[in-house]
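Novice: Have a look at this one.
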Amino acid sequence: MINPIQEHIKQEVKKRFQKMNKDLLKKYFEGKASLTEKQQVYQYFKGEDMTLFDEYINDQESDPSIFPIDPEYKEEFYQKIRRLIPKKAPSKQVITRITPILKLAASVLLISGIGSLIWLGARAPNNAQKQFLLKAFYNNSSVMRKMTLSDGTFVWLNPGTTITYNKTNYADTSREVQLSGEAFFDVAHDSAKPFRVHTGNLTTTVRGTAFNVEAYQRENTMRIILVRGNVEIQAGNTNSKLTAGQMLLFDQSKKHSFISPIDVTKKEALFTTGKITFVDVPLKDVMDRMEIAFNIKIICSSKRMLMDKTITGSYERKNAEETLKRILFIHGLKYHKKGNNTYLVYD
């Protein structure tokens, strides 16, 4: 017969042992973790929240005794981390997608579907060399990923999304990020340092609020949906202000913006729980996003069938065929599967 007290102690020790923390990550990357602890780390990297790992990297970078200024040591450090992180996809895919954006050499950390890229470079203002550090996160997984910036701002990255910022002075002198794709921001309040998101021709400025940004490279229209607070948006020479419950659409080809009211009830939950959410998105763009979300190929028998059709709604990411069928059904369209991951859409 099992002694209830002993069983209780056993379970408490097990819970305490299984709790992930930075000390356990440190043991793992130093090669001192046991087999059981390694399994815990593997399970952690299968999850969505990489906040703890980012904190561990920040701790290493900010301690001169651990992380000296020598660039060669830094390169060795990042290469070691990269080798030890369980990989689900080749690093080459991340480099190919990111390098053209910044034109800089990168050390890639592929973290179970989210790539953390770090650039070391030098600027020379007034003939003086000054080191700077750019950091980018690229979500090449099929699920949403959450990250936390050093000022306490939370970011949920959709699949295929990249966020880049200057790690050298972020939150010290400014809070600015560059975004490509789609992300939801819950911004930590700081009246002295506005938070800015740069997306092509748009710059969104906030001090503490929650909003969703859609800025896909293959789409002509950018969207900003404000859930809480107030934001200022600069589009070229035009400035606009949004309040909660409004959406701004920016036509990149016409350089024209339009603001419309939107029901944001439950929108924050939809934007942060991993569902594919569309708000008046053209069907053509929906098909592009489906390809990214499920890593599939969608071929339309005629471009005409997608014209003047939009989609509004939220869908699970679990099954590509079921989601595609529900979306197409709204407009009386159908699909035929060809091979493992190719779908032919027809009317």
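Each Cβ is built from the backbone N, Cα and C atoms, and glycine gets one as well.
So TrEMBL lists these for the protein:
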- 101-122: transmembrane segment (TRANSMEM)
- 143-232: domain 'FecR protein' (DOMAIN)
- 275-343: domain 'Protein FecR C-terminal' (DOMAIN)
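Tell me about the surroundings of these features in the structure.
Specialist: Taking the domain 'FecR protein' (143-232) as a whole, pLDDT averages 92 in the prediction.
Across the range of the domain 'Protein FecR C-terminal' (275-343), the DSSP-based residue counts are 26 helix, 24 strand, 19 coil.
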